[in-house]
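**Student:** First the structure, which I've put down as structure tokens, then a few questions once you've had a look.
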């Protein structure tokens with residue numbers, strides 16, 4: 001007898017070996033129809049299998065449907081194969097290579113004699129729908145490696161043969177067939193093509209075979225697939241919104257920054273963009289000051305001997321920019337932590353000095369591949385709001401609790417209230433005692449519970465030197481951005497010999513907490529631009545108000561108004577632009593509206609005589625005529641409320 005344990009804990013008994021599909025059918029016809037795959041085993045041993053998978057011993061089983069994350073992966077993987085099937089059907093000379101699942105979709109790489117056109121994509125997608133409607137069964141078979149190589153060579157699929165030839169000769173490989181198309185794949189796949197209904201092909205791009213620029217350039221067709229029509233439409237709508245909000249596009253239109261071919265992966269900030277940067281940095285500087293952090297500044301270039309001690313020279317060197325001077329090797333720092341330990345080590349530290357908090361706007365460089373660069377979101381040169389707390393094990397929990405509370409306040413001020421909390425726990429390979437890990441993990445979890453946060457645990461995803469919390473924010477269109485982190489580190493203080501004198505008079509190693517709230521300022525500003533679609537809140541806006549005259553007769557008055565606004569705010573003044581051009585007022589209003597300014601002030605003869613201005617708020621909202629003092633009061637409230 002075979003005993004199957006279901007997710008609710010109930011058991012079902014079968015007289016002999018049974019397939020996943022048969023188990024689903026025995027539970028109910030609805031589940032049998034919805035079944036896409038099965039998940040057998042538990043924990044690290046759990047795996048997703050085809051519905052044709054035969055269960056021949058007692059084991060746990062859950063039926064995977066389109067409602068499950070695993071089900072969505074199976075749908076996307078199978079849709080990638082459906083894409084390849086359609087391409088081979090329409091373009092028999094095309095050769096197939098690889099087609100994995102990626103975030104929100106899939107791609108498949110093809111070798112073909114000419115580039116695919118937009119019209120080709122339309123035809124391929126139409127053919128995919130036709131093949132799906134035929135509801136052809138997807139059938140798995142297993143071949144010895146050499147036999148599989150011969151099979152694919154025999155049908156002219158040389159790329160597939162090359163992939164299989166790289167597999168050890170004593171291994172079998174699995175193939176999946178749907179209709180006339182058969183592909184190499186580990187699986188699992190949907191039981192039939194009729195399960196694939198909601199998909200769309202997105203674009204074609206170039207990709208080198210095996211990622212090597214010396215190899216042939218292939219055509220990579222990207223697509224997306226979802227469990228329902230609503231999910232697909234929602235995703236496509238989100239993409240439309242994301243395109244409108246693209247920080248690269250808005251950066252050009254709003255004259256904030258540009259990326260230049262003379263320095264790929266680094267940002268040229270224009271005056272307006274640098275104003276935005278300064279607002280973010282000065283805000284975060286106040287956060288440092290108000291929460292017990294001492295701001296420090298370390299050098300950007302450090303000798304390789306330091307990076308050898310930290311382990312970066314061996315494990316991270318290819319991502320570091322290196323240079324040589326007077327027969328010594330140096331590297332531009334990819335992170336700030338070693339420098340902060342060197343500062344900590346200057347002078348004797350006592351337990352009374354702990355927790356000791358350092359903060360730095362540290363400029364770092366990482367040699368990211370050119371293909372991975374993306375506007376100001378993924379760069380080679382970036383500045384972090386990088387902080388490090390040196391403390392005892394007993395101080396971890398209160399420090400993390402205070403940090404989480406602070407992070408929530410900062411994110412709310414920038415317009416983000418939806419935060420996802422993830423605790424990454426100990427991996428198999430790690431340093432430090434189990435007792436220290438127990439204490440550190442409990443401190444992270446207890447701190448989140450004390451702050452009322454719901455969290456998920458990601459087992460084994462911690463670094464080898466300590467557990468961490470990752471803070472991921474959701475933006476206005478539902479995208480997730482992992483920005484904040486707090487990481488416990490038992491290793492680096494040991495590697496760099498950091499010590500403090502304890503209450504017992506002996507020397508002890510401090511625990512090091514790496515923490516960042518916004519992370520890379522460049523990336524965070526890119527997120528802000530997209531979150532607000534370029535229409536920055538008044539307190540952040542590079543230009544907070546523009547004052548416009550109707551005729552030359554009001555030019556001097558406009559200058560007076562601008563001067564008064566600038567003087568009204570003692571720290572740095574309101575950021576005001578004047579527009580005295582001899583253009584129609586409607587033209588000037590429209591031009592400044594396109595720059596997404598919070599306020600446009602218009603002065604004609606009546607306003608000049610009354611010592612007032614006509615105020616338009618963003619979104620073409622007419623607030624009427626008011627005194628300059630009344631407008632100052634209005635803006636002051638906006639800024640105070642971070643509106």
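Heads up, the Cβ atoms here are built off N, Cα and C, so glycines get one too.
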**Student:** Of 262, 270, 388, which one shares the Zn(2+) site with 337, 514 in Swiss-Prot?
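**Tutor:** Candidate in the recorded Zn(2+) site: 388.
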**Student:** Other than 337, 388, 514, which residues of the same chain sit close to Zn(2+)? List them in sequence order, counting a residue when its Cβ is within 8 Å of the Cβ centroid of the site.
**Tutor:** 335, 336, 340, 386, 387, 487, 489, 492, 512, 513, 515
**Student:** Of these binding-site residues, 388, 514, which scores lowest on Cβ atoms within 10 Å?
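**Tutor:** Per-residue Cβ counts within 10 Å for the binding-site residues 388, 514 bottom out at 514.
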**Student:** Give the residue counts of the domain 'TGS' (1-65) per reduced DSSP state, in the order helix, strand, coil.
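**Tutor:** Taking each residue of the domain 'TGS' (1-65) in turn, the totals are 17 helix, 25 strand, 23 coil.
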**Student:** The domain 'TGS' (1-65): mean pLDDT?
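**Tutor:** Averaged over the domain 'TGS' (1-65), per-residue pLDDT gives 93.
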